[in-house]
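Chemist: Per Swiss-Prot, the feature active site, proton acceptor maps to Asp132; the stated evidence is sequence analysis. Among the features that Swiss-Prot reports, ATP binding site is placed at Ile17, Gly18, Thr19, Gly20, Gly21, Phe22, Ala23, Lys24, Val25, Lys40. Summarising the annotation, Swiss-Prot assigns domain 'Protein kinase' to 11-263. Residues annotated as domain 'KA1' in Swiss-Prot, with sequence analysis given as evidence: 594-643. According to Swiss-Prot, the phosphothreonine annotation covers Thr56, Thr167, Thr486, Thr510 (among others), on the basis of similarity to another entry. Taken from Swiss-Prot, the feature phosphotyrosine covers Tyr163. Taken from Swiss-Prot, the feature phosphoserine covers Ser171, Ser336, Ser343, Ser352, Ser399, Ser423, Ser497 (among others). Per Swiss-Prot, the feature region 'UBA-like' maps to 282-321; the stated evidence is similarity to another entry. The region 'Autoinhibitory region' feature in Swiss-Prot is assigned to 326-643.
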Amino acid sequence: MKDYDELLKYYELYETIGTGGFAKVKLACHVLTGEMVAIKIMDKNALGSDLPRVKTEIDALKSLRHQHICQLYHVLETKNKIFMVLEYCPGGELFDYIISQDRLSEEETRVVFRQILSAVAYVHSQGYAHRDLKPENLLFDENHKLKLIDFGLCAKPKGNKDYHLQTCCGSLAYAAPELIQGKSYLGSEADVWSMGILLYVLMCGFLPFDDDNVMALYKKIMRGKYEVPKWLSPSSILLLQQMLQVDPKKRISMRNLLNHPWVMQDYSCPVEWQSKTPLTHLDEDCVTELSVHHRSSRQTMEDLISSWQYDHLTATYLLLLAKKARGKPARLQLLSFSCGTASTTPKSKNLSLEDMSTSDDNCVAGLIDYELCEDKLLAPKTPQVTKHLAESNHAASKSPAPGVRRAVANKLMDKENVCTPKSSVKNEEQFVFSEPKIPVSKNQYKREIPASPTRFPTPAKARAQCLREAPVRTPGNSAGADTLTTGVISPERRCRSMDVDLNQAHMEDTPKKKGTNVFGSLERGLDKVLTALTRNKKKGSARDGPRKRKLHYNVTTTRLVNPDQLLSEIMAILPKKNVDFVQKGYTLKCQTQSDFGKVTMQFELEVCQLQRPDVVGIRRQRLKGDAWVYKRLVEDILSGCKM
């Protein structure tokens with residue numbers, strides 16, 4: 001596929017780690033720096049009328065730079081695709097962390113909530129409203145710090161932040177009353193309500209307003225009455241009351257939230273919402289490395305970087321900066337490499353870009369070790385990258401003054417967003433304090449990635465020449481990433497979901513349709529490619545036994561010691577729950593459908609051997625669909641198994 005040619009010059013694609021209505025997210029490795037990234041891939045034709053929202057998200061992320069907001073690195077647009085290269089957050093969703101704990105303690109909630117406040121206050125200070133705040137849109141990085149994602153529904157009102165918005169959007173369970181009534185509203189006030197729902201979920205483990213019936217849920221939200229669990233402290237109850245006010249004019253403001261007594265408890269200062277990482281000053285080490293690599297002067301390189309075009313040069317600079325911040329040398333790779341353990345396979349020419357279109361998961365290459373990209377190199381040297389230097393020399397005479405951001409050409413904005421010049425934001429005086437750490441295990445965890453048991457070369461025609469004489473190295477199946485130590489999910493209360501997308505023109509009932517195995521054509525296409533590439537036994541297949549993993553917050557422990565028995569138990573219960581599935585070794589790729597045949601949920605269940613004797617577990621990962629429906633469904637499946 002020609003749409004992928006340019007992308008594959010700079011990145012090696014691996015497995016799909018998330019899907020949505022019109023997009024999928026793949027794990028990838030940036031070739032020059034060896035850093036892991038997440039690439040959001042969107043089809044323009046499928047987006048249709050939602051294309052302006054993608055432009056809005058890109059514009060927002062280009063102008064937002066904050067320690068608790070997922071960083072945009074690179075935007076690539078072709079005739080049919082839009083690629084957004086984003087910061088990879090291996091820690092997983094806040095939602096998964098909450099349900100693994102049942103609920104968080106008030107102290108831990110405060111640490112998490114202050115980070116959410118910091119991100120949202122900064123977003124508001126830049127004139128934006130997020131409008132889709134929920135646990136699924138908050139990810140943990142490798143340091144267990146939160147990052148806000150998904151700005152597809154954000155709005156930058158015409159005029160100023162006091163301009164009233166009209167669009168009803170977001171998720172019903174988190175939406176403010178004035179928004180679902182169809183009234184005009186202030187984005188900042190609606191976000192405060194959503195943060196109130198978030199705060200409740202953090203401390204309680206379930207939604208304050210929840211019902212299977214949409215109209216019943218609507219009435220509950222409008223009444224503003226919710227259960228107050230006995231374990232909530234008086235100060236937390238008061239804060240929830242102030243945030244979950246049905247009348248937005250009586251709702252607490254963001255300014256007062258930042259120094260609220262509950263938020264300030266155990267802290268000596270209000271929440272520090274200003275950006276700690278502004279792009280007003282370029283890092284000398286990173287600029288020098290890029291200058292040497294592209295054989296250009298420092299001044300030329302500084303001018304090119306400072307134009308912030310969010311092309312490959314911007315991505316390389318920001319990834320070098322991230323690498324340096326993690327204590328790694330700000331150096332670019334000079335050798336041909338692939339991110340993973342060594343594996344000799346047939347030449348990569350056997351896998352063409354045309355093969356890429358046969359499956360969503362055709363780039364699956366196994367469980368990724370976050371550090372392997374920069375450590376595992378092959379001997380043969382690759383030709384120097386000269387294309388960008390040529391472009392840079394041509395652009396040097398035209399490049400804007402340092403610090404000026406280029407506006408996106410042909411912007412498509414909705415009625416609530418306006419094209420405004422972007423400028424660097426000066427930091428105000430920052431509060432200095434040391435945040436207490438969230439109680440996690442000694443080893444920081446990394447996000448579990450759905451893995452394919454077969455390793456195969458990356459389908460990159462653009463890089464075929466420099467890899468022609470070298471064996472291809474792709475990610476192998478690791479034993480799993482360092483993880484949090486938590487137990488079995490046993491929620492205080494079973495949560496139903498009414499996390500309804502308010503942008504949908506129709507509502508659907510709970511999935512009831514029974515079907516046969518799905519993903520057939522996709523899987524068959526992928527299997528043909530894999531069979532052509534390797535004749536040996538697939539590692540990770542049923543004959544090899546389950547993969548070994550460390551205990552993670554999305555792994556449920558069992559009392560069974562026989563993995564085959566557990567796998568049989570799960571496969572027997574899935575049809576009873578109206579779940580279609582495809583088996584690949586000890587991994588079950590599952591999905592549910594509506595009565596109209598629409599896929600409503602996709603997730604994986606993998607039987608794994610935990611890294612201690614005679615203990616078998618189940619790894620769970622949601623790929624698509626409502627988080628609370630997923631939670632309830634997986635609980636029903638696991639409770640039906642004899643574990």
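Using N, Cα and C of the backbone, Cβ positions are placed for all residues, glycine too.
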Chemist: Quick one: DSSP breakdown of the region 'UBA-like' (282-321) into helix, strand and coil?
Modeler: 30 helix, 0 strand, 10 coil
Chemist: Please report the Cα separation of Thr56 (phosphothreonine) and Thr19 (ATP binding site) in Å, rounded to an integer.
Modeler: 20
Chemist: Quick check: of the recorded positions listed here (Ile17, Thr19, Ala23, Asp132, Tyr163), which one has the Cα closest to that of Ser171 (phosphoserine)?
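Modeler: That would be Asp132, nearest by Cα distance.
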Chemist: Given the recorded positions Ile17, Ala23, Val25, Tyr163, Thr167, state which is nearest to the residue listed as 'active site, proton acceptor' when distance is taken between Cα atoms.
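Modeler: The answer is Thr167.
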Chemist: So, by DSSP, how many helix, strand and coil residues make up the domain 'KA1' (594-643)?
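Modeler: Going through the domain 'KA1' (594-643) residue by residue, I get 14 helix, 21 strand, 15 coil.
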Chemist: I'm checking region-level scores; what's the whole-number mean pLDDT for the region 'Autoinhibitory region' (326-643)?
Modeler: 56
Chemist: Using C-alpha atoms, which one of the binding-site residues Ile17, Thr19, Ala23, Val25 comes nearest to Thr167 (phosphothreonine)?
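Modeler: Closest candidate to Thr167 (phosphothreonine), judged by Cα separation, is Ala23.
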Chemist: Just how many other Cβ atoms lie inside 10 Å of the Cβ on Thr56 (phosphothreonine)?
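Modeler: Thr56 (phosphothreonine): 23 neighbouring Cβ atoms within 10 Å.
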Chemist: Is it possible to get the count of other C-beta atoms within 10 angstroms of the C-beta of Val25 (ATP binding site)?
Modeler: 20
Chemist: Determine, using Cα-Cα distances only, which of these binding-site residues is closest to the residue listed as 'phosphotyrosine': Ile17, Thr19, Ala23, Val25.
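Modeler: Considering only the listed binding-site residues, the nearest one is Ala23.
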Chemist: Could you say which of the recorded positions Thr19, Thr167, Ser171 has its Cβ with the most other Cβ atoms inside 10 Å?
Modeler: Ser171
Chemist: What does DSSP call Thr19 (ATP binding site) in the simple three-state scheme?
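Modeler: DSSP call for Thr19 (ATP binding site): strand.
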Chemist: When you measure from the Cβ of Ala23 (ATP binding site), which residues in the chain that are at least 6 apart have a Cβ under 8 Å away?
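Modeler: The answer is Lys40, Ile41, Met42, Asp43.
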Chemist: Including all protein chains shown, what's the count of other C-beta atoms within 10 A of the C-beta of Asp132 (active site, proton acceptor)?
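Modeler: Step by step: centre on the Cβ of Asp132 (active site, proton acceptor), count other Cβ atoms within 10 Å, giving 23.
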Chemist: Hey, of the recorded positions listed (Ile17, Tyr163), which one tops the CB count within 10 A?
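Modeler: Result for the most crowded candidate: Ile17.
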